[in-house]
């Protein structure tokens, strides 16, 4: 193996009482694809921010190509030919690809932009690394996968030899992610050195040469990807054995929610088209699909936020005439929104306020227009205890909770009242392995208790583990349901591609 | 060095921010006072004397505080729900006009105990209507209310001007453009005899307490806070955003209109187009200094009134233009915005 191009030595970083990185040492070699694996909060992003000069470490040093980098200077990292692709892209949507790429590199005092030499260089880079993208397309018109390529090209344009990618697949579909890793492999073969941050085990195993596992800010293990397994990595990452809970066989009961040929229109566009499904008591119906195929509209329909423009939606045997979030909650529908930060919680409000917000108009939590604070706090405390929400009391702001604990609170506030129907839209998106297991266990417990569960997910494993029957959502249409016993990844893949006549 | 967002803003900092902002504003204004050729410390001393040095000055300061509490509450209530009501000035004027019109001898003929509340309600309703119009435009057509409420201020003042040059003109005012005066039964009882201080101060402070109670204890408070902080999550939880905004607009516009009505009934007795020295706009500063907290509004209003009344005293004693009060109040808004930024972030090395 060749020389290390980058070395982090004894990096320690504290935030107040929290030690985010504790004496972390790690090496990256030329032409290597290194995965940095760890749960949310393990210190991966902090470490990369130190490397890139966004944070100054309390101890330790960063050495790139034999030279120590001055701490806290992103410019020095760029000059040392290190590039970083953040999870949230830093692109101007109203500019073209080429304008985004050269922004910040052109001379301060010059009239007009010298795009021709930039274009030549960009084309050469695109071709060499297989990052196809039209230089004159407006970034706002590009897909998420294409935007990510632009971000990578931006770093390459600045002659990066070391590339750091923070959770690069978090926003990508399955296919886009696979394509990205193929590209990254190609880049490593052409001599670039790359680090990517991830908490997805299968990606790490499939793509990386070497895996460094971080837990609680420390490096706990280093493995060659070829010599380790999913189980070992999961155990190293979480620090204990985690097994996702399994589903028991049980006979479903009565149909509690049924949609018959439902259309949903919004400002002239048909978001859902002739959607039919039924969910029974004690059964989980899984809706699988590639992101952006109508999942949001479906989630809104079954949460009381969208009205069917055609067709019937029945709940507990009665047709819903005027859906509203309040009437759904009152009827015993528990709702987990797909984006917990945007729709699930009000970050600046307290945990107890968030716990009761959707049912505060009931007599349990309010009287004569006043909020009954004692029972509200008690309810929040019950949810915290029963669903093991860590990191806050009923009186702390909810944004202090981690994603997993926030999700447990959202789940808990719905399940504490034993709903008849549970809508779970992307319930484990962005959660770490431990939190996923906890959320799955609760969903299965609700199923055992006879709740009818509608699970909307983009995660194949999740659907296979939790669902009893599966339907695929493709461009606002639903496939017929198939029992989970007949669903293997290949057949589901075909259904997700819109081929269900053969599959049925 | 870099800035990191604070996870949590401690209460001590939340209180220190406006105090620090005011001190910074006074220091900066001190430079201007020095340039004007006056000794800075003495100038501020004169200012305090001007605001609190005598029975008269104290009552004058408190009289000035009253409308500022109400317009400050109007801004604070609206901003919390992300309704950007910049139109308190106009709402103040239509409230004043409504009270003056109905309180004159051509208006309602009621005994004092019924007339005074009726005129207050009339002022509040007029102010609320003036805010409901831009809100309706926002809800129906997505028109930015910052622009519409701001522009309506000019419309309102010109409307007042038209009325007091026309149908409401006082024939006994030697041609001055002012409205017919309100009847004696419509004027607010004095709080202290032989001063201009009236019971409006108690009403304003009482309303601040009431709004604090509403915001912290009621369903409406909880839901409007949720709607302001995260409209999308509030909608998901079943809060009617339209309903919240309409109620907030009634409250906010009503408070500003009430401020105008009370100023007419408590101090002037009639309407002119210079009834308000910018009470509506200054209310925004008051609300920001108070961190949008209703009880903070009372303190912030007292501070701003102190500056304005005190600056007159300073001006008389030292010849520094009394416009320095405007400068201090404006500076304190800027320093407060900086202070808010600094308290929500922390500096890391």
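Backbone N, Cα and C define each Cβ position, glycine as well.
What TrEMBL records for this protein:
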- B:12-41: transmembrane segment (TRANSMEM)
- B:114-137: transmembrane segment (TRANSMEM)
- B:149-168: transmembrane segment (TRANSMEM)
- B:197-215: transmembrane segment (TRANSMEM)
- B:279-311: transmembrane segment (TRANSMEM)
- B:323-347: transmembrane segment (TRANSMEM)
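The highest tally of CB pairs under 8 A with the transmembrane segment (B:149-168), across B:12-41, B:114-137, B:279-311, B:323-347, is held by B:114-137. The largest share of C-beta pairs under 8 angstroms with the transmembrane segment (B:323-347) comes from B:12-41, of the ranges B:12-41, B:114-137, B:197-215, B:279-311. Beyond the ends of the transmembrane segment (B:197-215), by six or more residues, the same chain brings 59-60, 62-63, 65-67, 69-70, 73, 77, 80, 120, 187-191, 221, 224-225, 251, 255, 258, 262-263, 265-267, 293-295, 297-298 to within a C-beta distance below 8 angstroms of the stretch. Using a Cβ-Cβ cut-off under 8 Å and counting only residues 6 or more beyond its ends in the same chain, the transmembrane segment (B:12-41) has close neighbours at 289-291, 296, 300, 303, 318-321, 324, 327-328, 331-332, 334-336, 338-340, 342-343.
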